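Working notes for the structure below.
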Number of protein chains: 2
Amino acid sequence: MTEVFGHEQVVFCADRQSGLRAIIAIHNTALGPGLGGTRFYPYESEQAALADVLNLSRGMAYKNALAGLDLGGGKAVIIGDPATDKSEALLRAYGRFVESLNGRYFTACDVGTYSEDMDIVARESRFVTGRTIANGGAGDSSILTSFGVFQGMRASAQHIHGRSTLHGLRVGVEGVGKVGHRLVDLLIEDGASVVVCDVSERAVDQVRQRHPQVEVVASLAELVAEEIDVFAPCALGGSLDDTTVATLRARIVCGAANNQLAHPGVEKQLEERGILYAPDYVVNSGGVIQVADEIRGFNMERARAKAGQIYDTTLKIFAIAAEEGVPPAVAADRLAERRMSEVGRLKGIWLGH
Amino acid sequence: MTEVFGHEQVVFCADRQSGLRAIIAIHNTALGPGLGGTRFYPYESEQAALADVLNLSRGMAYKNALAGLDLGGGKAVIIGDPATDKSEALLRAYGRFVESLNGRYFTACDVGTYSEDMDIVARESRFVTGRTIANGGAGDSSILTSFGVFQGMRASAQHIHGRSTLHGLRVGVEGVGKVGHRLVDLLIEDGASVVVCDVSERAVDQVRQRHPQVEVVASLAELVAEEIDVFAPCALGGSLDDTTVATLRARIVCGAANNQLAHPGVEKQLEERGILYAPDYVVNSGGVIQVADEIRGFNMERARAKAGQIYDTTLKIFAIAAEEGVPPAVAADRLAERRMSEVGRLKGIWLGH
């Protein structure tokens, strides 16, 4: 239980009648209210739910900081099976607890929750994003997620090859689902050649219909063994493990998946093999940038411009990594912590509100 | 950890720089915002702190309900040694978390915190009672605590002897500290004879100076063996254990101490011995009534009138106990739960705010 006090605020919420058991975790609010999605998941234990929400909210703090948002790190979990336990009463009870924090936490969709759910939560709280488009929502956040990854990839190409384009490079994309297939669109448009793999044949077929020139391999193992310049993990986390890193022929890793590093230390292995790693939470922050824009009243052009800055942030991280002699993943953490500290302390300049 | 979801909201709060580690527990808000003090105590573990705050906040829900207040049950603990860990920064960090709940929790003094501390907490939050008198505080809450116990005792005498006075009865008071010595004043004024015990010779001497007719015995064991009509535990909790109950010669137990029953089942033993037990949390609620009045702007006459109703509530509990064939402690819990349910549900009648 000790780790709970490593976060600024962790809120356990219960409503017996509706069956709600939720935990809202706010890692810190140095830059503003914590923002992060609500995961609805049948955790095996409350300890498991707590561990997940603590970890995820910490991740959001770093992601939001480097996305240049005026938002801290927050996340919530609802313990239960969304297929059977989700109800209007439960979602609205949850909404009242989100409201009870009076804007210190903004919620959004995550695993097991959808925009329609957020509309229900929003009937009890003002602090809800990820709404349906009809209710001012930002729509499918995979649009700017893929756009942001593409910007990170351009920055990586700039760092390695001295030109900010994927033109003429061969990119291996693991996972062509919601985000991955949009990334393929952007890569093809930019003049890259693309090789993909996905456990879903249907997803692969759809990509091939749009872009017949895309090559397909059967597995992640085959993909990383290909002669590729860039590896883009866009499926589940943990793709970069000891085996993958030992085999990988790409000089750049840049993708949309969360938690790409299977364990601490992989970032060093990548560096030792001369592979440039664009930190996952930096390049995949286009989604939260898109959703967070709802707070001000969603504007796609403003959100896209903000996501475009992922290019500059990624370059900056590579520069810090080189200057300070650390892997980019460490440089990213440092840059996030500096922003939280340097910008956060400005609230110390009194303005009367 | 399971028990945490038995409460409406449990909030872990941390501030690394000031060393704050606090837990605010809100048992339920059926009747209004949770109100209860902040205990500053060097708990051996966070689990111990959590267990304490869950238990105490549940107790406040029942106490506030039967005190007739429009308040739910809340309580907070700060983990640390008040002698060494208390600082302006820590108290104000705590105040910001009290404020973050936006009025769902009102704090007050408890073990390890004083009105001067509440004034500091209040520099960050509007939801603070137990203030110093200069800042609108209710002052020494032992005034209405002892007054309330006296009302409970009058009700007990009414129930047993058919007259609402202690005149002519012999009352044994365990503990003549802040509350006990004021109770002795009220008893003497009402025409009772009083016998006391206290571990502090100084406290006993002070009572004897004011009332030379008060008798003194050396220990709790001696006190309960005395020929007394009423036993008033006003020291630490747990006075009513198997030994005390087996020896006790009084027909009435009514005192200011918290958690007078040493273990579950003692309430039945008392009943089997024909001893009327006025539930502790009912008769000692004068203190919270006094402090809670600060929310509306403290008015001693209004608070005293409210505490006077402890007489009626105690009688009502005895009547329910007789009707439903349960000990008064059980009747009190039932009455509290009924009020939370019956009055709480009235919020379902929509008024537009």
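Placement of Cβ uses the backbone N, Cα and C atoms for every residue, glycine included.
Caution: TrEMBL annotation is automatic and unverified by curators.
If you look up TrEMBL, you'll see B:Lys75 marked as active site, proton donor/acceptor. Cβ-based neighbour count (10 Å, all protein chains) for B:Lys75 (active site, proton donor/acceptor) stands at 29.
Annotated NAD(+) binding site per TrEMBL: B:Gly175, B:Val176, B:Gly177, B:Lys178, B:Val179, B:Gly180, in sequence order. Close to B:Lys178 (NAD(+) binding site) in the fold, though at least 6 residues off in sequence, lie B:Asp140, B:Ser142, each with a CB less than 8 Å from its CB.
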Cβ atoms near B:Gly180 (NAD(+) binding site) (within 10 Å, other residues, all chains): 27
Conformational class of B:Lys75 (active site, proton donor/acceptor) under the three-state DSSP mapping: strand
Near-site residues: NAD(+), ref B:Gly175, B:Val176, B:Gly177, B:Lys178, B:Val179, B:Gly180, CB cutoff 8 A to centroid: B:Ser142, B:Val173, B:His181, B:Arg182, B:Leu183, B:Asp198, B:Ala203, B:Cys234, B:Ala235, B:Ala256
Tertiary neighbours of B:Gly175 (NAD(+) binding site) (same chain, Cβ under 8 Å, six or more apart): B:Cys197, B:Asp198, B:Pro233, B:Cys234, B:Ala235, B:Leu236, B:Ala256, B:Ala257
Least buried by Cβ count (within 10 Å) of the binding-site residues B:Val176, B:Val179: B:Val176
Neighbourhood of B:Gly177 (NAD(+) binding site), C-beta criterion under 8 angstroms, separation at least six: B:Asp198, B:Ser200, B:Ala203, B:Cys234, B:Ala235
